[in-house]
Amino acid sequence: MNSELKPGLDLLGDPIVLTQRLVDIPSPSGQEKQIADEIEDALRNLNLPGVEVFRFNNNVLARTNRGLASRVMLAGHIDTVPIADNLPSRVEDGIMYGCGTVDMKSGLAVYLHTFATLATSTELKHDLTLIAYECEEVADHLNGLGHIRDEHPEWLAADLALLGEPTGGWIEAGCQGNLRIKVTAHGVRAHSARSWLGDNAMHKLSPIISKVAAYKAAEVNIDGLTYREGLNIVFCESGVANNVIPDLAWMNLNFRFAPNRDLNEAIEHVVETLELDGQDGIEWAVEDGAGGALPGLGQQVTSGLIDAVGREKIRAKFGWTDVSRFSAMGIPALNFGAGDPSFAHKRDEQCPVEQITDVAAILKQYLSE
């Protein structure tokens with residue numbers, strides 16, 4: 001028997017300590033049961049009057065029902081990418097290292113702590129919903145937030161959603177959309193010494209490659225924020241042997257687009273710009289795609305957070321995050337958490353502990369009278 005079993009999660013204590021406890025519970029995607037159990041137990045053991053706690057698969061949800069004028073959702077995923085010899089966690093010189101420290105157990109810890117400390121406070125300004133969900137780091141059809149949307153949509157009702165992805169304590173508003181298109185060229189195989197008997201599939205892609213290389217990406221201003229689009233070839237493959245004209249070539253295009261376009265508009269833009277339709281021997285197909293999320297900074301419920309963070313610390317989110325799911329449901333959504341996202345998924349994943357404290361203080365200021 002292990003005589004050094006750690007106590008359950010202390011949601012009311014220091015969010016830095018809570019972050020480290022969460023990090024030290026391994027939870028790669030698909031293996032979230034233990035961390036979901038501990039989060040659920042911690043919430044139920046608080047016995048907060050008037051607070052509803054609900055378990056759905058490995059998603060843990062909680063909400064207040066105080067009849068306040070507006071509702072803010074605090075959402076964070078509980079899974080991580082596969083562990084890369086970076087557990088257990090450690091803290092050195094004010095930096096916490098370990099799998100999930102930045103993506104996104106620091107943000108999750110802050111949201112759990114904030115919910116636990118304010119749910120029954122007389123100073124609370126907005127009703128709160130807490131969503132701790134599974135399988136964000138893997139295929140879309142496994143995403144816990146999507147399952148909640150499909151099976152229990154009433155739990156996602158809110159005037160504003162905050163997602164605890166790492167932002168360095170800044171507000172990263174909305175997110176860009178993400179589109180991947182596979183373009184395939186068909187030719188005729190032949191010996192390279194008699195190339196005129198064949199039809200080089202790779203050469204058929206070359207005009208499209210040239211158009212992508214010459215593409216001038218747009219910079220789009222929305223609510224005073226600049227979103228930067230990008231169209232790139234991210235994978236290309238062809239070839240049979242060094243003396244064979246290839247009869248097949250394909251490439252993947254990735255288009256990151258500003259949230260003023262929806263997914264269908266993004267597809268249409270790429271197809272028209274690259275003239276993919278009507279080319280002999282060329283076919284294309286959408287491999288994956290998701291629309292972005294508008295920033296929603298003009299909402300009244302958002303103004304207090306902007307004041308607490310500071311207007312000089314607001315920027316556009318260039319990557320795609322689950323705020324897109326909230327936007328699709330008509331809920332304004334912002335990314336707000338601790339840490340530098342460039343350390344996500346790395347062996348040296350890390351988060352400054354000071355930022356955990358700062359983000360918790362900002363959230364308390366925003367949500368309290």
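Cβ coordinates come from backbone N, Cα and C, glycine included.
Note that the coordinates shown come from a computational prediction; the quantities given were computed from them, not determined experimentally.
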(message) Can you find which of Glu154, Glu165, Glu172 Swiss-Prot lists as binding Zn(2+) 1 at the same site as His77, Asp103?
(response) Glu165
(message) Using a 10 Å cut-off on Cβ-Cβ distances across all protein chains shown, tell me which of the binding-site residues (Asp103, Glu137) has the largest neighbour count.
(response) Asp103
(request) Give the helix, strand or coil assignment DSSP yields for Asp103 (Zn(2+) 1 binding site). (result) helix
(request) Could you tell me which three-state DSSP class His77 (Zn(2+) 1 binding site) falls into? (result) strand
(message) Please identify which of His77, His345 has the densest Cβ environment, defined as other Cβ atoms within 10 Å, among these binding-site residues.
(response) His77
(message) Quick check for the class: what is the C-alpha distance, in angstrom and rounded, between Glu136 (active site, proton acceptor) and Asp79 (active site)?
(response) 7
